[in-house]
Amino acid sequence: MTKQTYILTFLIFILSTGGYTAMPLFPMLTDIHSINLTQVSTLTATYIFTQKVTPILFGPLGDFYGYKRIAILGEMIRGIGFIGVGCVSNYYSLLICSAFAGLGGGFAVPSLQSLIMKSSKYEDRAKVSSLRASATNAGLLFGPILSGIVIWAGNLDFVFIFAGILYLLGSLLIVVCIDSYKNISEIKRISLQHLTEILHNKGFIHLMIFMLMFYILFAQLFVTLPDYAKQFTNQIQILFLINGITGLALQYPAGLCVTKYNKPGFFIILGITMIFLSFLTLSLLHNYMVLFISIIFFTIGEILILPIMETSIANYSDRSGNMGLYFGISKLSDGVGRPLGSILGGWMLYSVNPAFAWFIFSLFTIIILLYYLVFLKRV
């Protein structure tokens, strides 16, 4: 891996810290502004929706105008959006600033992913993806610590301002430290030909469907599992701590293994199996320690699958040179799968016995495995 890879990893850590400093505190805006929980939920949903859906439109801009340039622009927009959330109090102003922050993410994320993939050799992509995920996990752990310190100091608004400052700092560091990469694409706009090319790329479409199903399961880590944990403890943040520490400790070694043995199919099957065991264990046993073990199983499965998915997106884009377009469109799987998983999981947890809900998810995991074996194993 190159020096640029490590610099980008550090930048992603800073940016991830900014995001995870602010995101958990959106619900607390009810304590300082005249808004209710429904309005706060709308602010959170607006931020997530704009960040997950707009890459379809903005991802290709990196291909046409340069990944570095678009990443800088996106992080500046995101920083200004978060600073706005910390400075305004009117609900509609908060809504606009939340959308602005999400919009910045829509600009920046595909270009940052493209930059870090292009900073390495083809054979090192799984390793690089794992390094990026480790930086994100480090931000997931460090961000809430910073927000806790700021809250202890008694200024909740400043948490969002601080997050915005970190994004602006990140954009400045991209300007100073990151090299520009020459893009293969010489066309300066999206055409029907680009979209037709992707639709005819059967391997990529099958990957998108696989990712959609994966993110339906992934959503349970942040919705149904914490809600289920409430019957055992009020300290549900412990679940996120276990997930973050396990991911931080094992993500990079997992990437090294994927790169060294060059058997992505084996690691995908292993990852799906670990997630299956996670849900199956929950369906059979019901206690606090089993919940912890299931979270660890789920996290191991997640860290094996995520870098291979990201590497596959980059590999599918190589022929066209439009890596930003492919990464942007791939966000649709997350943008649809995670909300769908949240709704489905929440409905099942309250409509049927939790053990049966976990059993259904374990069966769905088998469906994902079969889909992979039929449509993606030889791609």
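Using N, Cα and C of the backbone, Cβ positions are placed for all residues, glycine too.
Note: TrEMBL annotation is automatic and uncurated.
Taken from TrEMBL, the feature domain 'Major facilitator superfamily (MFS) profile' applies to 4-379.
Annotated transmembrane segment per TrEMBL: 7-26 (among others), in sequence order.
Tertiary proximity for the transmembrane segment (91-112) is limited to same-chain residues at least six positions away from its ends with a CB under 8 Å from its CB atoms, namely 8, 11-12, 15, 29, 33-35, 39, 42-44, 46-55, 57-59, 61-62, 67-68, 70-71, 73-82, 84-85, 164, 167, 324, 327-328, 331. The transmembrane segment annotation in TrEMBL covers 91-112 (among others).
What TrEMBL lists as transmembrane segment is 133-153 (among others). With a cut-off of 8 Å between Cβ atoms, the residues of this chain six or more beyond the transmembrane segment (133-153) that come close are 9-10, 12-25, 28, 159, 162, 237, 240-241, 244-245, 247-248, 251-252, 255, 303, 306-307.
Within the same chain, residues 4, 7-8, 11, 14-15, 17-19, 21-22, 25, 66-69, 71-73, 75-76, 78-87, 101, 104, 114-115, 118-119, 146-147, 150-151 sit at least 6 positions outside the transmembrane segment (159-182) and bring their C-beta atoms closer than 8 Å to a C-beta of that stretch. Marked as transmembrane segment by TrEMBL: 159-182 (among others).
Taken from TrEMBL, the feature transmembrane segment covers 203-223 (among others). Outside the transmembrane segment (203-223), and at least 6 residues removed from its termini, the chain residues within Cβ reach (under 8 Å) are 239, 243, 275, 295, 298, 302, 305, 309, 312-313, 316, 326, 329-330, 332-334, 336-342, 344-346, 361, 364-365, 367-368, 371-372, 375-376, 379.
What TrEMBL lists as transmembrane segment is 235-254 (among others).
Under the heading transmembrane segment, TrEMBL lists 266-285 (among others). Sequence-distant contacts of the transmembrane segment (266-285), counting only residues of its own chain at least 6 positions beyond either end whose CB sits under 8 Å from a CB of the stretch, comprise 217, 228, 254, 257-258, 291, 293-295, 297-298, 300-305, 308, 354-356, 358-359, 361-362, 365-366, 368-369, 372-373, 376.
Summarising the annotation, TrEMBL assigns transmembrane segment to 291-313 (among others). Outside the transmembrane segment (291-313) by six or more residues, the chain places 113, 117, 125-126, 129-130, 132-133, 204, 207, 210-211, 214, 218, 221, 225, 228-229, 232, 239, 242-243, 246-247, 250-251, 254-255, 258, 264, 267-268, 270-275, 277-279, 281-282, 326-327, 330 with a CB less than 8 A from a CB of the stretch.
Feature annotation from TrEMBL assigns transmembrane segment to 356-376 (among others).
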